[in-house]
């Protein structure tokens, strides 16, 4: 990716390996999670991908036997075998799990608080 793209990025991506799936209506795809942020996810495009980019999706990230992150997402872009999704909504339990995951990986609570403030302001616009 270009330096300009990296400069525009406001949310740190966390490389993370978790069983993950994307759902849309009755359709379901198991996906390889490349990274996650407070803003969305990046996954490998499944071979049988036929999602409708005009309709919402749901992401499910299984972090363990009893930890699930669920997000309502929209497809932001698709290229080079990757799908970039933007988070549109996340429930309280899921954002708590995601916040903890990001906090552990960033190692900087102040940076996490700035990203959370950016997330809130982005959704208020």
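Heads up, the Cβ atoms here are built off N, Cα and C, so glycines get one too.
Record note: among 23-28, 29-34, 35-40, 41-46, 35-40 is the stretch given as motif 'DXSXXG motif' by Swiss-Prot. Here residue 77 (3',3'-c-di-GMP binding site) is positioned 12 angstrom away from residue 40 (site 'Important for c-di-GMP binding'), judged by their C-alpha atoms. Across the motif 'DXSXXG motif' (35-40), the prediction's mean pLDDT works out to 88. Cβ neighbour count for residue 40 (site 'Important for c-di-GMP binding'): 21 (other Cβ atoms within 10 Å of its Cβ, all protein chains included).
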